[in-house]
Amino acid sequence: MRGVVWAARRRAGQQWPRSPGPGPGPPPPPPLLLLLLLLLGGASAQYSSDLCSWKGSGLTREAHSKEVEQVYLRCSAGSVEWMYPTGALIVNLRPNTFSPAQNLTVCIKPFRDSSGANIYLEKTGELRLLVRDVRGEPGQVQCFSLEQGGLFVEATPQQDISRRTTGFQYELMSGQRGLDLHVLSAPCRPCSDTEVLLAICTSDFVVRGFIEDVTHVPEQQVSVIHLRVSRLHRQKSRVFQPAPEDSGHWLGHVTTLLQCGVRPGHGEFLFTGHVHFGEAQLGCAPRFSDFQKMYRKAEERGINPCEINME
């Protein structure tokens, strides 16, 4: 819907975001003067019809137009799809419930074939690259605090007119629920006792079981861990399904970063984690015997944040 442009015009009065400092990375955005001309050339606001997802095309603009388009989405999850990208988008994400920005984490996952634009985190004129325009590379999940800034999507110069689409899914969640993805994006490390005890309260799934196999997928930089579950404490989205042999067990798989170097291990574990973008992602996974000790110790001291059946 065009016509509601006051917010965009306020933006147009600001300086264009500055490119990241020197160092390895993609070519910087065009010079400041050219970018200022882009802004002055026009800006428009777009409101999604369902407030969760937006789909647009650069072909709707005049050939010489280099607009900066404002997109406003007010939802906890959705997607952005931009066909034939030209110029730039500023994507404003807000939850559909009142929640302070400092308590919210935003995670984005590029579409598998996304191409035609770079995606930056932008705040007060500074740019930090999140997703580089490299066609054919699988998109990695990127997370940041909502108070760190918004999304600036800039089309890259193209030598042909073949169809290109830049797109991504997004999720907004409380800071605590987004913790697992931040842990996964950092060097892998075992969870502390406090993190494990909190994970059993806040995770989307909490199960007890064994690792049957691990499949490494280098092209996606992930490892898929196949589990046989003996005790289902909690799950969402039906990650684990009853085993076909009707043995009282459940089967399912979770993913973690390839760099974590997960290998099949003997013994029983407690697996926790969250479901993001339809995928179960591993959080804390202590050996069950170690978990029993830390849980009982916390229970004796009265500091366990929630209860779980240990039988």
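Cβ coordinates are placed from backbone N, Cα and C, and glycine is handled just like the others.
According to Swiss-Prot, the feature signal peptide maps to 1-45, an assignment based on sequence analysis.
Of all Cβ atoms in the protein chains displayed, 15 besides its own lie within 10 Å of the Cβ of Cys52 (disulfide bond). The disulfide bond feature in Swiss-Prot is assigned to Cys52-Cys75 (among others).
Under the three-state DSSP scheme, Asn103 (N-linked glycosylation site) falls in the helix class. Positions annotated as N-linked glycosylation site by Swiss-Prot: Asn103.
There are 20 other CB atoms within 10 A of the CB of Cys143 (disulfide bond), with all protein chains counted. Under DSSP, Cys143 (disulfide bond) is assigned to a strand (E or B) in the three-state scheme. Taken from Swiss-Prot, the feature disulfide bond covers Cys107-Cys143 (among others).
The disulfide bond annotation in Swiss-Prot covers Cys188-Cys260 (among others), and the record cites sequence analysis as its basis. Other Cβ atoms within 10 Å of the Cβ of Cys260 (disulfide bond) number 15 in total over all chains.
The Cβ neighbour count for Cys191 (disulfide bond), using a 10 Å radius over every protein chain in view, is 17. For Cys191-Cys284 (among others), the entry in Swiss-Prot reads disulfide bond.
Residues or ranges marked as disulfide bond by Swiss-Prot on the basis of sequence analysis: Cys201-Cys306 (among others). Under a cutoff of 8 A between CB atoms, and with a sequence separation of 6+ in the same chain, the neighbours of Cys306 (disulfide bond) are Ile200, Cys201.
A distance of 20 Å separates the Cα atom of Cys52 (disulfide bond) from that of Asn103 (N-linked glycosylation site).
The recorded positions Asn103, Cys107, Cys143, Cys188, Cys260 include none with a CA atom within 10 A of the CA of Cys284 (disulfide bond). Cys260 (disulfide bond) and Asn103 (N-linked glycosylation site) have their C-alpha atoms 28 Å apart, to the nearest angstrom.
Look at Cys201 (disulfide bond): DSSP puts it in a helix.
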